[in-house]
Amino acid sequence: MEGMALYLVAALLIGFPGSSHGALYTLITPAVLRTDTEEQILVEAHGDSTPKSLDIFVHDFPRKQKTLFQSRVDMNQAGSMFVTPTIKVPAKELNKDSKQNQYVVVKVTGPQVALEKVVLLSYQSGFVFIQTDKGIYTPGSPVRYRVFSVDHNMHRMDKTVIVEFQTPEGIVVSSKPVNPSGSIRPYNLPELVSFGTWKAVAKYEHSPEESYTAYFDVREYVLPSFEVRLQPSDKFLYIDGNKNFHVSITARYLYGKKVEGVAFVVFGVKIDDAKKSIPDSLTRIPIIDGDGEATLKRDTLRSRFQDLNQLVGHTLYVSVTVITESGSDMVVTEQGGIHIVTSPYQIYFTKTPKYFKPGMPYELTVYVTNPDGSPAAHVPVVSEAIHSEGTTLSDGTAKLILNTPLNIQSLPITVRTNHGDLPRERQAIKSMTATAYQTQGGSENYLHVAITSTEIKPGDNLPVNFNVRGNANSLNQIKYFTYLILNKGKIFKVGRQPRRDGQNLVTMNLHITPDLIPSFRFVAYYQVGNNEIVADSVWVDVKDTCMGTLVVKGASSRDDRIQKPGAAMKIKLEGDPGARVGLVAVDKAVYVLNDKYKISQAKIWDTIEKSDFGCTAGSGQNNLGVFEDAGLALTTSTNLNTKQRSAAKCPQPANRRRRSSVLLLDSKASKAAQFQDQGLRKCCEDGMHENPMGYTCEKRAKYIQEGDACKAAFLECCHYIKGIRDENQRESELFLARSDFEDELFGDDNIISRSDFPESWLWLTEELTGEPNNQGISSKTVPFYLRDSITTWELLAVGLSPTKGICVAEPYEITVMKDFFIDLRLPYSVVKNEQVEIRAILYNYADEDIYVRVELIYNPAFCSASTEGQRYRQQFPIKALSSRAVPFVIVPLEQGLHDVEVIASVRGELASDGVRKKLKVVPEGERKNIVTIIELDPSVKGVGGTQELTVIANKLDDKVPDTEVETRISVLGDPVAQIIENSIDGSKLNHLIITPSGCGEQNMITMTPSVIATYYLDATGQWENLGVDRRTEAIKQIMTGYAQQMVYKKADHSYAAFTNRASSSWLTAYVVKVLAMASNMVKDISHEIICGGVKWLILNRQQPDGVFKENAPVIHGEMLGGTKGAEPEASLTAFIVTALLESRSVCKEQINILDSSINKATDYLLKKYEKLQRPYTTALTAYALAAADRLNDDRVLMAASTGRNRWEEYNARTHNIEGTSYALLALLKMKKFAEVGPVVRWLIDQKYYGGTYGQTQATVMVFQALAEYEIQMPTHQDLNLDISIKLPEREVPERYSINDRNAVQARTVETKLNEDFTVSASGDGKATMTILTVYNAQLREDANVCNKFHLDVSVENVELNLKQAKGGKAALRLKICTRYLGEVDSTMTIIDISMLTGFFPDAEDLKRLSNGVDRYISKFEIDNNMAQKGTVVIYLDKVSHSEDECLHFKIHKHFEVGFIQPGSVKVYSYYNLDEQCTKFYHPDKETGLLNKICHGNICRCAEETCSLLNQQKKIDLQLRIQKACAQNVDYVYKTKLLRIEEKDGNDIYFMDVLEVIKGGTDRNAQAKARQYVSQRKCQEALNLKLDNDYLIWGLSSDLWPMKDDISYLITKNTWIERWPNEDECQDEEFQNLCDDFAQLSNTLTIFGCPT
């Protein structure tokens, strides 16, 4: 930049030779030149008619040693004495690696002409876009994508593109080069994947600074079968009105048919971030023929909120749960963002120049919105002062023409709505101030370009008006207007419009071509004499359409009809010749889940429009400002020069009609106008420019050298516009939740079952190579077979023409269905050995009733009513135009993907259907993650520059047998360099800035969050993320808390909850600490107050040995954090030391004994330090000692850690965060930076944003520690690491090279083996290796151990009459009893109840519990979000510690659910979240359980016929030998029944094997008693008696190997006969039977089975 400045000075000194006869020569170029791109420039001669040749050069800057481009052009009268040569800057000649801006010199020389202009360069050589096949994926699925690349002329390019995939945490997990014209392999998501929004980022290989991002979500989901749409009667709730609020409900199946069912509707109000439901609004609404309507009555709203005016500024929401008539499927939709307002409109100024020409018309574009930001149509508006009226169009805009007076320098403008139904005080109003255009040298010459048309589209002829005003002499010199049209950052066209003498208005017609999409700038100027230029410009929006053509339609009328699954059909593509067309067909159910990320023409134009280098909506401060703001660089032969551009991107481009741009344009103009001084206004405007480095306002202000006044104006405007931007980032509140069951359709009887149900398919690329027709359009027919889904497919085509850019066609829909079909509903996954109910819904869309037979096909992977030997069938009628749900109960026995198949046929007809789908079965147990973080730092931790280590495998003693272990090893370079800024988002701290209230303790609890949030945001410079105006509010809250705390300050400067209580050492120290921190932010906090508390602590609570004592514990023990536990003396002393140290900078001069007090206390702590037991106390003490400069050895501290990254105690999350924060502070104070990285990473990974009650200390410490880290941590070194990972059973190690350029890309390797592996690292810098081990752990017996609460939950059936039932089908009474297990009653306590699916709480019961004089509960809230189950939250003022507190209320079942998951009840302390207990409840479903037999984690289905004790009279010896010697029979025994036990619903018969008649798998059958397992239901049929002998044999498949033994299953294939004892064999009745048994034994024992 220094060279740049010298060059400009030299240029000004040398000057440029002008024409000898008074001509004016101009050179105009784009303000930014793109490399490797042809750019048009303009050279013009005014007042010179002599033909001449001009040489055009492009040189390097500043030395001009290289000629990068050269050409010659002829200028003559035939060309109106202007030329538009094309130049091109080759990137290969430049230093691309330079991090500084690069410029070139554009030079024009010729007779009497010498012009030069320095122009900024950009390496953006084109546009690149990514299309993914859909916008949402499940773990493990492939992400198909294609890349489209065009240059700035919208011509197709096949340059190599780098495509990266980034996790929601911003980690690059894949980066590879792709060729846009070639085949691209999909990116396969791993099974172990981060849920959330992922990014696919595309950028050119040689210009990575410009990128395009496609987004997609990753989560577990199933597709719905129908969608629900809500349409409120108004977009707002007008507070003064008396009308009820109506919401229309529309429900449609995805194949177009209307849904019959019922909707449950509840309204609520969202206040800040909290949803407050209106219990009385819960209504059951029938959905008839797909439609219903919900109503919120004003009285219902007042029943929840008595003063409706308090709701102004908040939003209404409505949650609707629609359940189909069969109860088989459910979709939840929520519509939010319905603003509660006093005025229903807001006004913005958009597409309005900031500058006006005095005495000329000023075109003011007003944009009126509803409160949700949507355009408000047909609203009258009026401007005051200069009167003008208009009415908004359908897009919310109205154009007002203001006739401005002469001789004014500023124009105050006020516009208000003029709606006839609103009183004046309720009308919306908006003001701005426009500034007068400054003429050159005060000449008073003006040009106003006016375009009055509103919606402009290709093919239009656009009238452009040139209005001039000036003195007569000047006007007589105007012979023509030169105009330039800029599009996509390039000069698209240059022309001249003649003017005749005396014309003050000249009009030309401009033909709009597709090349001018999406918008263009029209810049015009005229010259007066040889030195004055008068200019104006206007920005023009063009309707978003394709530049070319692309249409998708059915190849014939037959193809446009409703199709059958699997049918053949054809589509026809029509488009530009040579276009490559990418196709994809997507199930519309995917868009019900997520349609945010679909590629569209509008999104493409939005991206391309960013290449516009113009920065305003038109006009300019003066003639040069017109060119600058339009994105042009100008120089003239009379030294008229635009300012040098220093950034390619505009601080605020004039986006098209969008609310965010409206807000910013309007806000910037009005804010800057507040500064009358031109210099300060410039400082303000610069403050509102966006910083490309992302610096904070404060950091940017450090670079200002123009004085304090400029710096103050800069900061004020910078903070102001940041707050506006934050408001504009409000996300849409309309979202759709999904059913818990999948949406695709399955098969039937003897027909091949439908089994192909992709979410997207037809991923093809077709080229239009056919001969074009007379309209220049090529076509191609594409044949294909439809998939098996019954749905509507949306076929999306994106074409890339060689010359006309990208075109996204209107989607073509293909509806697939038939009159009779099955919809098989499967969950996303089920747990092995757990029963689940699935449903097949049979639809009959025929006009006649039918009779059907349905069958569940047997699969040995499931236990079901369908068995190998017996098919499970049901037969029933289905009425015309209706459906019927058929439930099937199954128990999955094997993990993995297994087929579920249902078939159905119609009696007497050929109609049938079959569906086969995969069901994912996951292992039992609790999915556990073990994370180990290892820092690789070979220069510090290595030997000879190499760090080698062996990573020991985790001990997984609790792993579920026969389940896989997945280990993922990720390596990331220098992970801590920017971790705070990237991971702790300041915008999420909004909830911490609250109003303090309550007693001396509660006030500190509620004041602390504002203090620590301000401390953290100040330290990290993140106020922009939260909104700069929030800092003022935070300071106000701090001062409120400070003032209130003074009420509880005693005369001796100590504190207690109330002044009549004894003073608390801990509370006084805490007040000292918080006020000391706050005093750095608020100067009004008295140092005397802080130091008074310090003095009281030292003189009244410190013992001679240095320890601090507590004589009066606080009431709110939860605010103590971890200090509340064991080792109280050490933790209290350490805590008070940290408070004294915090106050040292304030009180050291006032309190002479402060340092000696700290020394005494730290002497005591040093004696205790190595003997401490708790990790928390060790961390706290280490910080106190390190902060006092008494500790520099971290060995004891690190020994107390878990994994060297956290200080952890069981079941105490907030204490662990607090303790780890103390440890981080200690490490920072000791400057042990090598140990810091993993600790910071762990804290960040907790995603902990703090809270108030019960979280005070964790909140304070985590943000204090992270802020301190941001301040202290030295900048990271250059990175150049080579890492090798040798995994077991792999011969070749994984090798990675990590440097600064690729540090953020994660290198990941996975293995299924949980074994030791070795790692080697060498080089410079640091990297973090994260080992994530995921496995299924057996549930611990104490998994539900409760902390500080006892809880009992039960349900019982309730008989109700018709009135009491309230439309429900049944009811239960939920009984909850809890007791606090502390020494005193628990104060504020919350009971959070998760409802059973299909059940709603009885609001009247809850009201009775809360409204009576004997109030059992403080208040309750109901959230009937059926997607996540409804919830009831109950607030209790206290819970007794001496007796149970019980609550009973009814819950009503409103619809049937096939398999009800348990509900849960959680009780927890409002003040301490670690004190909690959770229990589950479920209606009794014992008789509905399928029978299965389990040993360990292996289960066998037992849902078959019982084995019957063989008592047939006609069984002879030969039959027994034949049966015993059958192929699959494994053994034949004589046994004695020793005992019978019952376990898990099964009978276990312990048999002693007396004789092995035929040996089998069990080689030691007689070693000990053998277990025979049978279902309980077979007990009576078997009728086995103790001490009786039995002949028994069974199949090999009925043997069950155990760890050191074998068990035997008794199934229908087991043969059992009673063997009479010796005495009975003497009886005539049993003699023949005993002889047969003896002969059977001898035959098989001696001779074996006959062959």
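Glycine too: its Cβ is placed from the backbone N, Cα and C atoms.
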From C1346, C1578, C1625, partner that Swiss-Prot gives for the disulfide involving C1477: C1346
Segment assigned the feature region 'Properdin-binding' in Swiss-Prot (from 59-91, 554-586, 1412-1444): 1412-1444
Member of C1377, C1501, C1506, C1525 annotated by Swiss-Prot as disulfide partner of C1446: C1377
Lowest local Cβ density among C717, C718, C1649, which the record lists as disulfide-bonded residues, within 10 Å: C1649
Whole-number Å value for how far C1091 (disulfide bond) lies from C717 (disulfide bond) (Cα to Cα): 38
Alpha-carbon distance [C697 (disulfide bond); C1649 (disulfide bond)] in Å: 94
Model confidence over the domain 'NTR' (1506-1649) (mean pLDDT, whole number): 86
Cα proximity to C863 (disulfide bond), best match among disulfide-bonded residues C697, C718, C1446, C1477: C1477
Spatial neighbour of C683 (disulfide bond) that is closest, considering only the disulfide-bonded residues C615, C697, C718, C1446, C1525 and their CA atoms: C718
Packing count at C1578 (disulfide bond) (other Cβ atoms within 10 Å of its Cβ): 22
Residue among the disulfide-bonded residues C683, C1346, C1377, C1446, C1525 whose Cβ has the most other Cβ atoms within 10 Å: C683
For the domain 'NTR' (1506-1649), the number of residues DSSP places in helix, strand and coil: 42 helix, 54 strand, 48 coil
Cα-nearest neighbour of C1477 (disulfide bond) within the listed disulfide-bonded residues, C684, C697, C1091, C1147, C1446: C1446
Cα-to-Cα gap, C697 (disulfide bond) vs C684 (disulfide bond), nearest whole Å: 12
Collapsed DSSP category at C683 (disulfide bond): helix
Integer Å distance between the CA atoms belonging to C1377 (disulfide bond) and C684 (disulfide bond): 63
Cβ neighbours within the same chain of C1147 (disulfide bond) - under 8 Å, at least six residues apart: H1087, I1090, C1091, V1094, L1154
